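Taking it in order: structure first as structure tokens, then the write-up.
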Amino acid sequence: MTIRNHTLGFPRIGLNRELKKAQESYWAGNISQAELLAVGKELRARHWQQQANAGVELLPVGDFAWYDQVLGTSLLLGNIPPRHRNEDGRLDLDTLFRVARGRAPTGKPAAASEMTKWFNTNYHYIVPEFQQGQSFTLAWQQLLDEVDEALALGHNVKPVLLGPITYLWLGKVKGPEFDRLSLLDAILPVYQQVLSQLQQKGIEWVQIDEPALVLDLPIEWQNAYQVAYQALTGQVKLLLTTYFDGITHHLDIIKNLPVNGLHIDLCAGQDALQVIHQALPKDWVLSLGVINGRNVWKADLTTRYQQVVALKGKRPLWIGTSCSLLHSPIDLSAETKLDDEVKSWFAFAVQKCAEVALLAKALNAPEGEYDEQLAQYSAPIRQREHSSRVHNAKVAARLQAINAQDGERTSPYQQRAKVQRARFNFPLWPTTTIGSFPQTTEIRTVRLDFKKGRIDTTAYRTNISEHIKQAIDEQERLGLDVLVHGEAERNDMVEYFGEHFEGYVFTQNGWVQSYGSRCVKPPVIIGDISRPAPITVDWATYAQSLTDKPVKGMLTGPVTILCWSFPREDVSRETIAKQIALALRDEVDDLQKAGIGIIQIDEPALREGLPLRRDEWQAYLDWAVDAFKLSAAIADDETQIHTHMCYCEFNDIMEAIAALDADVITIETSRSDMELLEAFEHFDYPNEIGPGVYDIHSPNVPNVEWIVGLLRKAQSRIPAERLWVNPDCGLKTRGWSETRAALANMVEAAKYLRQNV
């Protein structure tokens with residue numbers, strides 16, 4: 001039995017972020033839709049060829065998306081909210097962009113659909129909206145067209161389709177409540193149609209993604225799998241594909257499904273391979289996700305080989321990536337500034353494709369034939385264990401010395417609140433922003449020129465100072481109560497801190513997609529983390545010197561820095577988070593000693609870090625909360641600690657959020673129409689809260705009445721004296737004109753409420 005190899009998906013953005021640049025040019029009206037479509041086509045062809053050149057046998061087709069793959073599935077099924085439809089009912093690319101962004105070059109603007117995290121990653125998807133009794137039709141040909149493209153180029157094609165159960169699971173009911181699983185019967189005929197058309201094109205295998213199978217599913221959702229796949233069987237071979245965790249808890253359901261194979265994630269999951277093998281029908285393909293699609297580390301192929309060789313010849317096997325390579329940067333060969341030692345530890349998407357191919361080749365050869373080649377390939381990752389760049393004795397000693405008192409503020413919130421009110425004397429409904437202001441071309445050019453050595457430190461600091469002054473002046477003109485310095489010096493809220501920590505390295509081109517055209521370049525944690533010197537104090541004190549109003553110090557929290565970095569794999573996430581927390585603790589202390597009275601420690605990734613299985617939640621929340629408190633508890637009573645969270649469902653982690661003991665929490669609520677506040681109301685959240693009053697991911701400017709309406713909803717759940725007024729998130733991706741207009745309306749709404757409540 002020959003062992004085949006494949007990938008579950010490939011990054012779509014392009015090595016130089018060509019997709020991002022083309023999307024944004026199109027949205028700005030600088031290129032035509034035809035030009036945008038041409039960029040997409042060129043990227044797909046390039047990416048298929050890169051995988052084929054690396055030795056990948058079965059190429060994923062359908063992993064390309066103009067925004068995200070869930071939204072692509074919504075279009076495929078004709079599931080478009082009425083407010084985003086064209087008047088003639090047809091779907092086009094602008095329809096897709098209106099759903100995602102609230103506006104597009106054509107069509108009427110309307111509120112964007114909600115966006116949330118893709119499982120426990122830092123990737124996002126647009127949440128499908130469902131209404132009772134709605135119908136579905138095959139309305140979007142993108143997948144079928146792309147299959148034709150790949151076939152025409154001579155590739156061995158494996159289409160990728162998001163499965164019906166996971167699609168329904170990821171969506172949300174809009175309007176009167178009903179069981180969205182009841183829509184399954186309406187959706188299945190469209191899936192049947194798609195599979196039929198793929199069969200007619202000569203497709204043998206379809207990768208049907210059902211990552212919901214790694215979750216704790218209600219019994220009715222578990223049972224729905226049999227119904228769904230009974231309807232879908234018989235046209236093409238189906239590879240039921242799971243990732244991000246194990247599936248042993250649903251093995252009894254899976255083994256009885258009428259599919260032809262199963263893909264499991266052996267990097268994130270703890271499944272016992274022999275148990276899975278014994279349970280599955282012997283003629284099924286078992287696809288083993290042994291090359292980690294979510295990190296940048298080279299695989300120890302010797303270990304991976306030993307992990308799977310026992311199954312060789314016992315059943316049909318495929319070797320693959322654990323998940324889509326979407327979560328990995330594209331090509332390590334583009335990194336020319338990493339030193340040779342560190343570079344030898346890494347593998348990006350292209351290199352991971354080669355790992356998949358090499359491992360499959362070794363498994364297909366007589367046992368032992370590739371031992372030397374695998375050992376040679378894996379040698380750097382083994383040598384790393386002894387590198388002095390990885391281990392720091394001082395950090396280890398400081399971690400060892402942490403005690404329970406280090407995580408507790410001096411006084412409880414009620415006492416701190418009195419001290420802080422006396423210090424700041426804010427009005428009711430105090431207004432603020434979340435931290436960043438528009439990152440203009442000018443700001444980005446200054447940072448790039450400094451990075452490339454085209455300007456010196458003096459010129460750089462003068463330029464950044466001017467932008468900070470502009471941000472302070474703008475906020476004073478608008479009448480905001482608590483100001484921020486605008487973060488002109490920061491390229492990214494995690495990378496900026498990583499650049500000032502020891503234990504990190506940075507890539508030139510290690511971009512990964514976060515959502516739509518938004519890309520991030522996560523830093524890589526290669527060793528123990530420490531802070532050699534203050535990071536934010538200079539800019540914070542400069543900004544504070546420009547105004548009598550308080551200026552917030554802005555830090556990214558330990559859990560978010562961890563979640564939005566590529567972490568080490570040789571120590572626990574808890575250890576990394578606490579190392580970061582100790583570094584931030586020193587920064588908090590330096591800020592307050594420098595006269596900064598309000599310090600925001602952002603933790604937008606707190607929920608994202610949750611394990612996918614609920615029985616593992618508490619252990620994670622315990623150390624995540626401990627890490628935050630360790631970073632913040634050095635603050636004096638009169639220092640007000642804020643935190644910010646976004647894209648969150650809070651109901652099930654309210655105790656942990658309250659346990660953070662931040663004086664003020666700001667959250668993203670506008671897209672969900674303040675629904676998230678129900679959690680705070682039912683829990684009787686004791687501290688202050690700033691529910692986001694407008695969606696910064698959309699360029700639409702909210703009017704005063706809209707904001708007042710949202711704040712009245714908020715006030716029906718939280719007493720006015722504990723409410724703050726702020727946008728959903730930072731404003732770095734917005735333009736100044738829409739930012740001014742939106743903040744002016746926000747301040748006006750707060751003033752109106754002060755006079756009318």
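Glycine is no exception: its Cβ is also placed from the backbone N, Cα and C atoms.
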Kindly point out which candidate in GLU466, GLU474, GLU608, GLU616 is recorded by Swiss-Prot as part of the 5-methyltetrahydropteroyltri-L-glutamate site with ARG17, GLU18, LEU19, LYS20, LYS117, ARG518, CYS519, TRP564. GLU608
For the L-methionine site that Swiss-Prot assigns to ILE434, GLY435, SER436, GLU487, which of ASP331, ASP602, ASP615 is also named? ASP602
Around the Cβ of CYS519 (5-methyltetrahydropteroyltri-L-glutamate binding site), other Cβ atoms found within 10 Å total 17
Among residues ARG17, GLU18, LEU19, LYS20, LYS117, ARG518, CYS519, TRP564, GLU608 annotated as binding 5-methyltetrahydropteroyltri-L-glutamate, what is the maximum Cα-Cα distance? Answer in Å. 28
Compute the mean position of the Cβ atoms of ILE434, GLY435, SER436, GLU487, ASP602, which form the recorded L-homocysteine site, and then list in sequence order the other residues of that chain whose Cβ is within 8 Å of it. THR433, VAL484, MET493, MET554, GLN600, HIS644, CYS729, GLY730, LYS732
Residue among recorded positions LEU19, CYS519, GLU608, GLU668, HIS697 with Cα closest to the Cα of ILE434 (L-homocysteine binding site): GLU668
Quick check on the binding-site residues: of ARG17, LYS117, HIS644, whose CB has the lowest count of neighbouring CB atoms inside 10 Å? ARG17
What binding-site residues in the list LYS117, CYS519, CYS646, CYS729 lie within 10 angstroms of SER436 (L-homocysteine binding site), counting C-alpha atoms? CYS729
Pop the Cα-Cα gap between CYS646 (Zn(2+) binding site) and LYS117 (5-methyltetrahydropteroyltri-L-glutamate binding site) into the table, whole Å please. 10
Where among the binding-site residues CYS646, CYS729 do you find the Cβ with the fewest other Cβ atoms within 10 Å? CYS646
So which binding-site residues are near HIS697 (active site, proton donor), with CA atoms within 10 Å, out of GLU487, GLU608, CYS729? CYS729
Longest inter-residue Cα distance for the L-homocysteine binders ILE434, GLY435, SER436, GLU487, ASP602, rounded to the nearest angstrom, is 14
